[in-house]
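Let me begin by presenting the structure, written as structure tokens, before commenting on it.
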Amino acid sequence: MTIKLIVGLANPGAEYAQTRHNAGAWFVDALAERHGQSLKEESKFFGYTARLSLAGHDLRLLVPTTFMNLSGKAVSALAGFYRIAPDEILVAHDELDLPPGVAKLKLGGGNGGHNGLKDIQSKLGNNPNFHRLRIGIGHPGDKSKVVGFVLGKPLASEQPLIDDAIDEALRCTDLLMQDGMDKAMNRLNGFRASAR
């Protein structure tokens, strides 16, 4: 199994660019930049895309331009066009159940109430077996505050921790493409950024 598509979940527009809910897109933007690429809008895939060669593998990047709860439209359009199977897809997203400074890789599982993951699963024929990169953003402590929290910007103390976790996830993506998911998972899942 090789990852052929990495998706960064986000809401479109400048007003959302720095919000916690866009952490997945921060990762994909940084991955493109790390490899000297920039994402370009491709309307037939409802998003911004780029193509990389990583460890000898062809890899496509996607940041949907749909709203978060319609992310599956972009993912299924690109995956369908290039015949990419669900288990060859890695979706990077913000994760309330992990603190800032932590990021973890996993295959399948629930959607944790994340509307982007929900829509992707449903548009992939209700198949949850795609990989996820869960980027910790922390939790506001009260369910009723979640929407305001994910659509808010990280605190000044949290942003460097999230950035460090994304940096480690970038290094682990190189490892993933070279040595496989298990090695990348073992390394990333043990990482925790320390406060500066």
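Quick reminder: no glycine exception, Cβ is built from N, Cα and C everywhere.
Listed in sequence order, LEU9, ALA10, ASN11, MET68, ASP94, VAL150, LEU151 are the same-chain residues six or more apart from HIS21 (active site, proton acceptor) with CB atoms under 8 A from its CB. For HIS21, the entry in Swiss-Prot reads active site, proton acceptor.
Marked as tRNA binding site by Swiss-Prot on the basis of sequence analysis: TYR16, PHE67, ASN69, ASN115. Around ASN69 (tRNA binding site), taking its Cβ as the centre, 12 other Cβ atoms fall within 10 Å, counting all chains. In the three-state DSSP reading, ASN69 (tRNA binding site) counts as helix.
The DSSP secondary structure for ASN11 (site 'Discriminates between blocked and unblocked aminoacyl-tRNA') is coil. Look at Swiss-Prot and you will find ASN11 tagged as site 'Discriminates between blocked and unblocked aminoacyl-tRNA'.
According to its DSSP assignment, ASP94 (site 'Stabilizes the basic form of H active site to accept a proton') is in a strand. Residues or ranges marked as site 'Stabilizes the basic form of H active site to accept a proton' by Swiss-Prot on the basis of sequence analysis: ASP94.
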Checking the recorded positions ASN11, ASN115 for other Cβ atoms within 10 Å of each Cβ, the smallest tally belongs to ASN115
For PHE67 (tRNA binding site), the nonlocal same-chain Cβ neighbours (under 8 Å, six or more residues apart) come out as ASN11, PRO12
Taking the centre of the Cβ atoms of TYR16, PHE67, ASN69, ASN115 as the tRNA site, the remaining residues of that chain with Cβ inside 8 Å are ASN11, HIS21, THR66, MET68, LEU70, SER71, GLY116
Largest C-alpha distance in Å for the tRNA site residues TYR16, PHE67, ASN69, ASN115, as a whole number, is 16
